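For reference, the structure discussed in these notes is given below.
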Amino acid sequence: MPSPMPPEEKKQKKLAVLISASKDAYRKGLAEALNLNRTRILAFRNKPPPLHHYSSPPPPLHQQPRRRRHIPLSCRKELDAPGILDDFCLNLLDWGSHNVLAIALGHTLYLWDASTASVSELVTIEEAKGPITSIIWSPDASYLALGLNNSQVQLWDSSSNTKIKTFRGLHHSGVGSLAWNNNILTTGGMDGKIVNSDVRIRPVV
């Protein structure tokens with residue numbers, strides 16, 4: 001005759017049966033909610049088109065070998081610049097778009113035409129106003145702007161060697177940098193100020 005099952009073991013067996021039934025009910029409910037009772041989840045009605053309908057990818061492009069930059073070992077032209085100020089805060093050279101180099105030597109501004117190798121003097125600034133501390137060509141090389149040590153900025157026409165206008169009171173010290181943006185001339189003074197001036201405004205000479 002089999003021995004009777006201990007109460008504790010009997011209780012655990014009954015609990016396991018209840019848990020198993022609960023799991024089965026949960027699985028069935030989840031399957032119905034997710035529509036998993038169907039034998040096929042994905043039904044393809046149309047066959048995918050054959051591969052020959054697609055165009056083949058273009059062949060890879062052959063990269064051109066990168067050309068190395070040729071740096072000459074000697075200069076093409078050497079220009080003497082006696083009297084040029086030794087100050088890295090100044091901008092005393094500028095090459096215009098018409099192939100003319102402007103260079104300020106002390107109080108005098110010279111123009112060197114690279115096409116003809118000719119040199120001409122544009123202007124010599126008065127001793128009290130100079131020396132010239134910055135120069136820059138306009139984008140079309142029609143005008144040349146000069147910054148002076150006495151804080152003035154002059155605009156010159158290089159073709160006629162005439163001064164067009166003078167800007168006064170923009171700064172309280174020398175003008176060390178200049179930049180163009182269309183008709184706007186930006187000046188940077190050694191007083192820490194940066195000023196934008198419209199050159200179309202009536203000149204003050």
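Any Cβ shown, glycine's included, is placed from N, Cα and C.
TrEMBL does not curate its annotations; it predicts them automatically.
As annotated by TrEMBL, region 'Disordered' applies to 47-67. Look at TrEMBL and you will find 47-62 tagged as compositional bias 'Pro residues'. Sequence annotations record features per position, and here TrEMBL assigns domain 'Anaphase-promoting complex subunit 4-like WD40' to 124-182. Per TrEMBL, the feature repeat 'WD' maps to 125-166.
Outside the repeat 'WD' (125-166) by six or more residues, the chain places 85, 90-98, 100, 102-104, 106-109, 111, 172-180, 182, 185, 187, 189, 191, 197, 199, 203-205 with a CB less than 8 A from a CB of the stretch. Broken down by DSSP into helix, strand and coil, the domain 'Anaphase-promoting complex subunit 4-like WD40' (124-182) contains 0 helix, 31 strand, 28 coil.
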